[in-house]
Amino acid sequence: MKIVEVKHPLVKHKLGLMRENDISTKRFRELASEVGSLLTYVATADLETEKVTIEGWNGPVEIEQIKGKKITVVPILRAGLGMMEGVLENVPSARISVVGVYRDEETLKPVPYFQKLVSNIDERMALVVDPMLATGGSMIATIDLLKKAGCKSIKVLVLVAAPEGIKALEAAHPDVELYTASIDQGLNEHGYIIPGLGDAGDKIFGTK
């Protein structure tokens, strides 16, 4: 599995600000979007382009544009919505697919409860976004759904990832690509990432 830890200074700085315990909902939400945008820039670097001719200000001009069906952004509800705006800043024409998976806080197992995927997902690259890759269960369940629907190209974008989650994801889906702003220390006894960001969903939606 391709694993990319994006170590750009802007990513490091913004993620560092997100780790503050008393960060406001507004600021956390803004930073989640900004880091999501930067991760998207890196993750889409290998998109194929094609040359086309358009009418420029001084006559015909040859340009490059992304080839074929492009991208579907797949936020995992609910926290993934916090990164979606930043992703769409880079790929505004992307279609949106939504998957709902929550983690049972006692068993730590993923529980799928909703999915609404674009009809031609088999022709698109999926960018799956979720702030945290902890145990990997929710991400694996989401990718299971995408592959069942025919999706062949999948990239995962997360703000922070635990080694345990990376290992589980690689074992289940070695053909996907992972882009993260940080590979953190690991999980505590409750399955939360250390040092992590706390409960990203609560911080994004102001329910902490």
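Using the three backbone atoms N, Cα and C, a Cβ is placed for every residue, glycine included.
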Q) Which of R29, R95, R103 does Swiss-Prot put in the same 5-phospho-alpha-D-ribose 1-diphosphate site as R78, D130, P131, M132, L133, A134, T135, G136, G137, S138, D199? A) R103
Q: Select the closest residue to D130 (5-phospho-alpha-D-ribose 1-diphosphate binding site) from the following binding-site residues, measuring between CA atoms: I193, G198, D199, A200.
A: A200
**Q.** 5-phospho-alpha-D-ribose 1-diphosphate site span - longest C-alpha distance across R78, R103, D130, P131, M132, L133, A134, T135, G136, G137, S138, D199, in Å
**A.** 17
Q) What's the CA to CA span in angstrom from A200 (uracil binding site) over to M132 (5-phospho-alpha-D-ribose 1-diphosphate binding site)? A) 8
